[in-house]
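Listed in TrEMBL for this protein:
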- A:12-29: transmembrane segment (TRANSMEM)
- A:59-78: transmembrane segment (TRANSMEM)
- A:84-104: transmembrane segment (TRANSMEM)
- A:150-172: transmembrane segment (TRANSMEM)
- A:193-218: transmembrane segment (TRANSMEM)
- A:230-249: transmembrane segment (TRANSMEM)
- A:256-276: transmembrane segment (TRANSMEM)
- A:288-304: transmembrane segment (TRANSMEM)
Amino acid sequence: MLISLFGAVESGVIYALMALGVYLSFRILHFPDLTVDGSFVTGAGVAGVAIVGGMSPILATLLGAFAGFIAGCITGVLHTKGKINALLAGILMMIALYSINLRLMGQPTVSMLNESTLFTQIKSWWVASGFDAFFNNIVLSLGVERFSGTWLVFTVMVILTLMVKVFLDYFLKTEVGLALRATGDNQKMIRSLSANTDGLIIIGIGISNGLVALSGALVGQYGGFANVNMGIGMIVIGLASVIIGEALFGKRTIIIATLAVIGGAIVYRIVVTMALRVDFLDSGDMKLITAVLVIAALVAPRMIQARKEKKRRLRKKAELLQRKEGEVHSA
Amino acid sequence: MLKLNDVSITFNEGTPDEKKALQSVDLELEKGEFVTVIGSNGAGKSTLMNVVSGSLIPDVGDVTIDDKHVVHLPEYKRAGFIGRVFQDPMAGTAPSMTIEENLAMAYSRDKKRKLIPGVTKKRREMYREYLDSLNLGLEDRLNAKVGLLSGGERQALSLLMATFTEPHILLLDEHTAALDPSRAELITEITADVVKKFELTTLMVTHNMQQALDLGDRLIMMDKGQIIFDVSGEEKQELTIKNLLDEFHRIRGKQIESDRAVLG
């Protein structure tokens, strides 16, 4: 139980980068970008091919992210310069990327099992550091069952994800970042304040898909392979993370919202893992679970709000009634 | 300062909906001049504004600002030296961003946007001072989302954002039309103040004749895509609404036509 839960948290943090990318397009730019399903594979595939070709894992990962950035920029160009509807531009790019990814990879699956990846490279250093024993002792002292997994992936990913989060928080508060946010909020207004909205959308969707591809590159190295179908449904997982995160942790400011998205990605994985442990559900039901989860995250906050509102009104009514009665008595 | 030379624009040319929105319009504004524009619906006032701002490109004619030809400069590039306030109070601000962030975006209007924070301690003080001049108490709500402000407050903020970087041209497009009378009056006052304070070259469209008479030092009347009346100086100061209407009917001889519309 604990081990599968830990695995869920681990992959949650890896996919959190992808969710941050979706947050940028979906929430900041209000651009429903479906490129994600393709650019995720692009990231994994490019990094995979580069690693197999002997490139250093760090460079290969960055190259994968950059390939995703370019893919996103093209979607942005299709939408702004080609005046293609946002959804359609994303879909077109997504299917185009399927073929492009196959070309890039040369085969449907690129295996990295025997290659040195980002994680295997850090591993030797990690093992020597003795952090695993340290963390496991903490877990043990908390009185949980004995746990002997490695904390390597988790730690690396938490650090990386938080770094990206802090970078994103900072970026969205810079002059360029503010203009980017306003482009999603009120395009007419920011254009009248001399911002090139087309350029901002292109860059924004680019960065979004860069993050998605970065996540893809890391997922590929984590799993040891890149597969041309590994991106299917990615956009839904990203949206689920964003929506669940916002419902659970709020979105008052950018800093809270990005943290919420990371939290949402982890919670999503945990819930799916738990659900799959239920006897009558199997892995084929994952998409259904996801859909139900997103619906719940969308509907529940509104229902809670409505209920609060109703309670408040009833209380007011009761107060009013009491006051009236008081007046009758005193008269 | 601002010069329109023989500007014409026709919409839907060659179809039954053809509309000559501007017909050979010539207009020249001196630096610091405040011009009010009146005219009935469809007279071409908004088209005139859009041609100046760059959201419309005229079929023929030339627009120069500071002796620079800007006709083919895209809207966002022109916006560096043109401030604009729209009729809709929701149009001029970003609702999900805070007051200080909105001001920060306006502040970088005439500069290249960089990867440096838009709101710093020093800038915040500056924004606070500008807000203070509005006397609306907004200076204490720097971190409030603009979507929470009332229409009047948002319009005042839009006006401030359009003006405090001292643009070469200020365009006001019926910017008090969507407000209640007391708010409209407040915005009108603020408008007069800021235009005077920054000595802005201003073009203001309005449907409110009294406002057109009270504000500014020159008035032009438009009809059917043409400027049909242009007064300034003392002559403008002595103008009344009745004069204006008489003048309009004298030029266009439309009395009978509009009477028919009312009776019919």
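The backbone N, Cα and C atoms fix where each Cβ goes, glycine too.
Between the transmembrane segment (A:193-218) and the stretches A:59-78, A:230-249, A:288-304, it is A:59-78 that has the most C-beta pairs under 8 angstroms. For the transmembrane segment (A:230-249), the partner stretch with the highest count of Cβ pairs under 8 angstroms, out of A:12-29, A:256-276, A:288-304, is A:256-276. Counting C-beta pairs under 8 angstroms (sequence separation of 6 or more), the transmembrane segment (A:12-29) fails to reach the transmembrane segment (A:288-304), with fewer than 3 such pairs.
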